[in-house]
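Before any comments, here is the structure.
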Amino acid sequence: MERLLLWVSVLASLPEAFAHRDLTGKVFVFPRESATDHVKLITKLEKPLQNFTLCFRAYSDLSRGYSLFSYNLQGKDNELLVFKHRIGEYSLYIGKTKVTFKVREVFPRPVHICTSWESSTGIAEFWINGEPLVKKGLRQGYSVGAYPRIVLGQEQDSYGGGFDKTQSFVGEIGDLYMWGSVLSPNEIRLVYQGLSFPHPTILDWQALNYEMNGYVVIKPRVWS
């Protein structure tokens, strides 16, 4: 009987730490700098990516650098990484190679980010609040590997670990979607506006599988 009660207690605690939920109107809040607090995003990605688009909203008052989206493979870090180095400067890493995008920003202010990459041309796009930045090119012909470990709140230096609190994210993240294709400019603007857009094939904020670790809280999004 005691063992049964223990399992009931464990199962009762799972919905918040490990869940499949519609998070519409919600955000993950990372309230402090740490080397532990993070969210794992769970996806069954079994084939390498030739193309992708990733979109999300973020709000932070950090002026130092921090990771926004970290996608690692077993034995390969920075396979796909979105990193903000400083105010107005973002980088996209593909297979440890990076390109940097610069934008004039009002700080602190919520931001909507979309970034895409296609293997055939190597062209990477970066959109801030529905507006495109100058296109860059990297890793033409490369394939982003399958079976990733995807983390929000920390930058991975190993597969699901190797965190450094000086690169941790402090703030709020929401409305995260990922496709295995390059969205058109019109589609990216629809995502930014929160209107009807193509169904996400990799990560879907409205049906998200995730695991929260450490001090991470889900709260309503009160900013736009």
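Cβ coordinates are placed from backbone N, Cα and C, and glycine is handled just like the others.
Because the structure is a prediction, the values reported are computed rather than measured.
Pulled from Swiss-Prot, these are the features on record:
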- D77, N78, E155, Q156, D157: Ca(2+) 1 binding site (BINDING)
- C55-C114: disulfide bond (DISULFID)
- N51: N-linked glycosylation site (CARBOHYD)
- 1-19: signal peptide (SIGNAL)
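Ranked by how many other Cβ atoms sit within 10 Å of their Cβ, the recorded positions N51, N78, Q156 place N51 at the bottom. The Cβ of D157 has fewer other Cβ atoms within 10 Å than any other of the binding-site residues D77, E155, D157. Straight-line distance linking the Cα atoms of Q156 (Ca(2+) 1 binding site) and C55 (disulfide bond), rounded to a whole number, equals 20 Å. Counting in whole angstrom, C55 (disulfide bond) lies 18 from N78 (Ca(2+) 1 binding site) by their C-alpha atoms.
Taking CA atoms as the reference points, D157 (Ca(2+) 1 binding site) and C114 (disulfide bond) are 24 Å apart.
Residues S67, S70, N72, L81, S158, G162 surround the recorded Ca(2+) 1 site, their Cβ atoms falling within 8 Å of the Cβ centroid of D77, N78, E155, Q156, D157, which are themselves excluded.
If you take the Cα of C114 (disulfide bond) and the Cα of D77 (Ca(2+) 1 binding site), they are about 21 angstrom apart, rounded to a whole number.
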